[in-house]
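According to TrEMBL, the features are:
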{"type": "ACT_SITE", "residues": "Cys241", "note": "active site, glycyl thioester intermediate"}
{"type": "ACT_SITE", "residues": "Cys404", "note": "active site, cysteine persulfide intermediate"}
{"type": "BINDING", "residues": "Gly94, Asp115, Asn122, Asn123, Leu124, His125, Arg126, Lys139, Asp183, Asn184", "note": "ATP binding site"}
{"type": "BINDING", "residues": "Cys224, Cys227, Cys299, Cys302", "note": "Zn(2+) binding site"}
{"type": "COILED", "residues": "13-47", "note": "coiled coil"}
{"type": "DOMAIN", "residues": "348-445", "note": "domain 'Rhodanese'"}
Amino acid sequence: MDELQAKFCKKKLQVLERQKSEYDSALKETEDQLEKLRQRCEQLESSKETGVSCTKLTNDEIARYSRQIILPNFGVSGQLKLKNASVLIVGAGGLGCPSSQHLVGAGVGHIGLVDYDVVEINNLHRQLMHTEEAIGTPKVESLRNSLLKLNSNTKITTFNSQLDSKSALNIIKKFDIVLDCTDNVATRYLLNDACVMLKKPLVSGSALQFEGQLTVYNYQGGPCYRCLFPKPPPPEAVTNCGDGGVFCTVTGIIGTMQAMEATKIIQNLNGVLAGKLLIYDALETTFRNVKLRGKKSTCDICGDQPTITELIDYEQFCGMKATDKDSHLNILGPEDRITVEEFNDKFARSGFLLIDVRSENEFEICQLPQAINIPIKEVLDDRKEENLRKIILTTQKSPIFVVCRRGNDSQLAVQRLKTIFDKMSFKDIVGGLHAWTKNIDSNFPMY
């Protein structure tokens with residue numbers, strides 16, 4: 001009798017577990033539908049506020065977009081969704097150029113561009129919507145001019161300023177979707193927090209050297225940036241494309257894919273990269289999708305009991321400037337530093353050791369006479385300490401000077417060398433080779 005009851009109980013348990021699984025699946029499907037409907041309502045409200053809501057396509061638009069209108073599950077309704085959508089692109093550089101180009105080409109009705117910088121010659125290899133003629137002009141105006149030549153029907157609003165805690169909410173609330181095309185940590189936190197507060201999806205891209213990454217935050221119950229990174233990294237651990245370099249096609253691919261993610265959100269399509277991170281390796285020609293941790297109930301901004309209820313000082317929070325421009329470390333005292341003018345006096349007399357801690361590739365571009373190359377990675381690597389000792393201890397010259405491109409890595413090197421050779425004197429050259437070009441020799445290459 002007990003055995004029969006046990007079998008019945010076990011069978012009943014299996015039935016209930018199966019029913020629970022079905023209910024959970026149905027609940028998840030309902031929640032997804034609810035979130036999509038909420039997003040669509042917000043898009044319609046935003047379109048209503050900006051006055052771009054349209055219910056039909058012109059003959060010219062049908063001809064222009066015909067190759068995508070005839071796509072399965074796209075049609076006229078899909079094109080109208082794009083026409084009535086608005087996308088804010090923060091950063092008019094390597095990622096902002098291709099993403100804006102494809103969104104405007106696809107027929108998004110309203111594009112916003114935010115950037116405070118001007119076009120420079122070192123932008124042109126990857127920021128392909130800017131031209132040589134645009135050097136020195138604001139990036140947002142240069143990009144706007146190029147985009148309007150591509151599609152004059154698109155409304156393009158420019159914000160020639162640096163996004164900050166005072167302006168972010170007022171700017172972002174006018175748009176349906178935000179693309180983070182920046183290259184600094186402080187702005188990533190700012191955009192994340194503002195988008196969470198305004199319930200806007202955030203399409204975040206990054207590109208460095210031969211690799212790129214892409215994900216979507218704050219979409220359909222997925223995590224936000226703070227869920228994954230509650231605390232910012234230390235400033236010295238952050239590398240941007242100005243320091244580490246970036247290959248032009250990587251920014252093109254990631255920026256284009258940012259546009260695709262925005263389009264999928266506008267169309268309410270499945271497969272959006274929410275809760276997933278796409279990693280692109282250009283050298284291996286591989287794309288990998290990595291599942292991210294889910295939304296945290298304890299997150300400071302999107303959790304059940306958020307502690308951040310207004311935008312904060314993000315430069316203070318991150319300990320670094322909210323700028324894509326090269327940053328400047330200041331970790332040494334004046335006794336450990338020397339200006340290029342002072343060094344030039346020493347240089348003229350010779351009889352010194354100058355260590356250039358740039359990479360081998362950079363050292364090949366240009367170097368000061370008598371400089372020896374010990375890359376910063378080797379200086380900081382404990383396994384290379386014996387080699388350092390052989391070089392340093394064989395010299396009778398003091399102080400030993402250390403230089404890099406801009407005066408950041410050289411400070412880290414001096415800090416490290418002082419711990420190894422505590423009885424020797426090391427001097428960082430303030431401003432590095434950039435300062436040398438500006439103040440001593442204008443013919444010396446600057447990159």
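Numbers run from 1 along the shown chain.
Glycine is no exception: its Cβ is also placed from the backbone N, Cα and C atoms.
The closest partner of Leu124 (ATP binding site) among the recorded positions, by CA position, is Cys241; the full candidate set was Cys241, Cys299, Cys302, Cys404. Using CA atoms as reference points, the binding-site residues Gly94, Asn122, Arg126, Cys299 were checked against Cys404 (active site, cysteine persulfide intermediate), and the closest is Asn122. Taking Gly94, Asn122, Arg126 as the binding-site residues under consideration, the smallest Cα distance to Cys302 (Zn(2+) binding site) is found for Gly94. Model confidence over the coiled coil (13-47) stands at 71, taken as the mean pLDDT rounded to a whole number. Counting residue by residue with DSSP, the domain 'Rhodanese' (348-445) contains 45 helix, 15 strand, 38 coil. The recorded positions shown are Gly94, Asn122, Arg126, Asp183, Cys241; of these, the one with its CA atom nearest the CA of Cys227 (Zn(2+) binding site) is Asp183. Report note: the Zn(2+) site is defined by Cys224, Cys227, Cys299, Cys302, and the residues of the same chain whose CB lies within 8 Å of the CB centroid of those residues, excluding them, are Asn192, Val196, Tyr217, Asn218, Pro223, Tyr225, Arg226, Lys295, Lys296, Asp300, Ile301, Gly303. Annotation note: Cys299 (Zn(2+) binding site) sits in a coil segment as assigned by DSSP. You'll find the Cα of Cys224 (Zn(2+) binding site) roughly 18 Å from the Cα of Asp183 (ATP binding site).
DSSP classifies Cys224 (Zn(2+) binding site) as coil under the three-state reduction.
Take the CB of Asp183 (ATP binding site) and look out to 10 A: across all protein chains shown you find 24 other CB atoms.
If you measure from the Cα atom of Asn122 (ATP binding site) to that of Cys299 (Zn(2+) binding site), you get 39 Å. Neighbour density for Cys241 (active site, glycyl thioester intermediate): within 10 A of its CB lie 20 other CB atoms from the protein chains shown. Counting other Cβ atoms within 10 Å of each Cβ, the lowest count among the recorded positions Leu124, Cys224, Cys227, Cys302, Cys404 belongs to Leu124.
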